[in-house]
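A.B. asks: Quick one: structure below, then a few questions.
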């Protein structure tokens, strides 16, 4: 099978047509009286019509049938998907989860939608304000089924297994150490090769953007050219007797409708509202080359900003392999209490501040103002280590979903999930006082 093709750029204006139908994009206008090849013109708006041009997001799709051709939606049961943040009592404790369990295919077939589990979140999609964090654990592909979320944008982080994603815009393969973003309203289906696991963050407020670089300059961190968007691909496939299911995530619940044809019937499209993926290995790390451990904001890949300047609804932050060269500095992450909520996951390797207990496919949550930091082993080792230049986090990729919102745990996230590490707090108990009232400066 030929490798998939992509177009590069972030927030760019793209135009693509399936090579099987040359000239399928209308020339010089968006919705002619009759589109080439007898296609229908359909606009997908990701912003208000009157949003400033710098923030206006929309794409024109030229498809075999409009997306409106389906039966009425009806409720669909998915017991692990919820935005009811009041269903369990608030819990300010440090939380850690061992790797989330993937169902065995011999016992139960679970596709990507069925395997979504809400861990924590805040806000309300009805008010277009908030965030939700999920884990997905699945073992089979979505068959004649697609999903779109009316509530926000999905940022998907695979940890185990490749995701073969078909969208209305074309196809993407998302492997370990890559991420993808499926924006609000975009229909997609996920195929897997076997047991698969990963993390998802959904933002309700706005779309992800690249962080401002300020005095860093014009280059660095995640460069726009490294973001990849699929090229147009279509299938004109009939599914008799309403055999294709379209799932809508709407106001935090799932609904299903049925239709007789594949929704991936877009022959051509143009616009700047698109799905995209990014390889985390392309991140250009910026760090201190003199002293002190800088704030983790220097590792921000994508951000969804609030209306307050510099305050994020959500940041996606990574901790990639890099050089550590600071002098006279405790180099691991410092002890911290934060006005933000910090959810961390591990894609591969071992995290420098807690090499034991925090494993790929697991997670931690340090809620707003909950103290956290290196465990006792890390502190003693880093406090006495020879401070020579060294590579750290080789073979590792940890990440953080950081939010200005106070995220609440779901019932599954703090009680039902068998992966909760009830002894996480013990990693700090061996820390001892080194206070010496007779200390004199050298």
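Each residue's number is its place along the chain shown, starting with 1.
Each Cβ is built from the backbone N, Cα and C atoms, and glycine gets one as well.
In case it's useful when we look at the structure, here is the feature table from TrEMBL:
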{"type": "DOMAIN", "residues": "5-280", "note": "domain 'Homogentisate 1,2-dioxygenase N-terminal'"}
{"type": "DOMAIN", "residues": "282-435", "note": "domain 'Homogentisate 1,2-dioxygenase C-terminal'"}
{"type": "ACT_SITE", "residues": "293", "note": "active site, proton acceptor"}
{"type": "BINDING", "residues": "336, 342, 372", "note": "Fe cation binding site"}
{"type": "BINDING", "residues": "351, 372", "note": "homogentisate binding site"}
A.B. asks: List the Cα distance (Å, whole number) between residue 293 (active site, proton acceptor) and residue 342 (Fe cation binding site).
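C.D. replies: For residue 293 (active site, proton acceptor) versus residue 342 (Fe cation binding site), the Cα atoms are 18 Å apart.
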A.B. asks: Whole-number answer please: how many Å between the C-alpha atoms of residue 336 (Fe cation binding site) and residue 351 (homogentisate binding site)?
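C.D. replies: About 17 Å separate the Cα atoms of these two residues.
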A.B. asks: Would you count the other C-beta atoms found within 10 angstroms of the C-beta of the residue listed as 'active site, proton acceptor' for me?
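C.D. replies: Looking across every protein chain shown, the total is 15.
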A.B. asks: Counting all other Cβ atoms within 10 Å across every protein chain shown, which of the binding-site residues 336, 372 scores highest?
C.D. replies: 372
A.B. asks: Please give me the CB contact count at 10 A for residue 342 (Fe cation binding site), counting all chains in the structure.
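C.D. replies: For residue 342 (Fe cation binding site), the 10 Å Cβ neighbour count is 21.
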